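**Student:** Residues annotated as active site, nucleophile in Swiss-Prot: THR184. Look at Swiss-Prot and you will find THR147, LYS173, THR184, GLU270, ASN392, THR397 tagged as substrate binding site.
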Amino acid sequence: MNIIKGNIASPLGFSADGLHAGFKKKKLDFGWIVSEVPANVAGVFTTNKVIAAPLKLTKNSIEKSGKMQAIVVNSGIANSCTGKQGEKDAFKMQQLAANKLQIQPEYVGVASTGVIGKVMPMSILKNGFSKLVKNGNADDFAKAILTTDTHTKTCVVNEEFGSDTVTMAGVAKGSGMIHPNLATMLAFITCDANISSQTLQQALKDVVEVTFNQITVDGDTSTNDMVLVMSNGCTNNNEIKKDSEDYYKFKQMLLYIMTDLAKSIARDGEGASKLIEVTVKGAKESSAARMIAKSVVGSSLVKTAIFGEDPNWGRIIAAAGYAKTYFDINQVDIFIGRIPVLIRSSPVKYDKEEIQEIMSAEEISIQLDLHQGNCEGQAWGCDLSYDYVKINALYTT
């Protein structure tokens with residue numbers, strides 16, 4: 001697998017555009033991804049009981065056909081908790097895209113991110129569509145989907161499948177309200193491989209479980225979380241069948257892109273100064289390891305300790321202890337970076353200057369070994385700073 005420079009339109013047969021429509025004052029806020037041909041599609045959506053209108057519509061469209069040819073996204077207004085009007089507006093958004101591209105409406109996915117409770121202004125939406133072009137600036141799409149993010153999040157890879165080169169690209173947004181169970185967290189992945197919708201859905205489901213579902217910034221799950229994967233078959237490779245060697249290679253591509261995007265989201269948490277990576281090994285089951293890792297990285301006390309550059313392993317073991325899974329508390333090792341701070345649940349003396357150097361870094365690695373099995377899991381998050389409170393206190397309602 002090769003990591004390459006590119007954007008969401010790097011796979012064969014895809015194009016994209018992003019622009020300023022007027023949902024925000026100045027920044028780019030509207031864009032789309034378009035495939036030359038209908039692509040097979042897979043999706044996972046928020047587990048929040050309050051589901052935004054665009055998600056409902058997109059999910060229903062996917063269930064009808066398993067195909068998608070375009071994804072249109074606005075940022076600044078979430079179109080969530082907007083009642084019947086919100087459903088009409090999401091449908092209108094789908095219709096306008098379909099009419100402009102001359103494709104079936106159910107082949108258009110719609111997504112929105114921003115302030116909850118505001119109705120979609122149709123004049124701004126129509127203005128956006130009047131300026132969108134099929135082969136526009138694909139790099140601008142990554143900018144157009146952002147809200148409180150500080151930078152774009154893109155990853156592109158390719159891999160040889162026999163004599164064919166398959167390319168996969170991913171783009172995401174997310175900075176706050178991040179605690180997906182698949183903030184707003186949106187991710188879109190394009191690929192030119194020949195793979196069925198059913199096989200694609202299984203691959204996405206498996207990989208989401210160990211990537212996007214393992215990040216947390218603030219413990220809030222958005223009403224608009226969505227991950228979509230489109231694969232249009234333009235490479236003309238032999239169809240990737242489930243459980244084949246090619247399927248394993250395809251999943252590795254998906255895993256790399258989604259891990260990279262997940263870590264980028266965690267690193268870009270609102271007000272964050274440090275990325276936290278927690279690895280739990282020696283568990284009886286991978287699900288238990290992931291649960292403990294996410295419990296640790298989601299702890300407000302762990303987050304504030306990391307912000308204060310304090311190697312407070314007591315907060316780490318406490319957060320592990322309230323994860324909803326069993327482990328033997330007397331057998332745990334904890335490492336912060338390369339330094340052991342707890343061995344078999346007994347404190348270890350460490351060099352304060354050495355550990356202070358580790359705590360001052362922009363990326364903090366925490367490892368727990370449960371000594372109960374051979375399974376492991378990871379989770380990612382960020383520290384909790386004064387700026388997080390400031391950003392969200394000032395965010396519009």
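Keep in mind that glycine also has a Cβ here, set from the backbone N, Cα and C atoms.
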**Student:** For THR147 (substrate binding site), which of the three DSSP-derived states applies: helix, strand, or coil?
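**Tutor:** In the DSSP reduction, THR147 (substrate binding site) maps to coil.
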**Student:** Using the structure shown, find which entry in THR147, LYS173 (the binding-site residues) has the sparsest Cβ neighbourhood within 10 Å.
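**Tutor:** Each of the binding-site residues THR147, LYS173 was scored; lowest Cβ tally within 10 Å is THR147.
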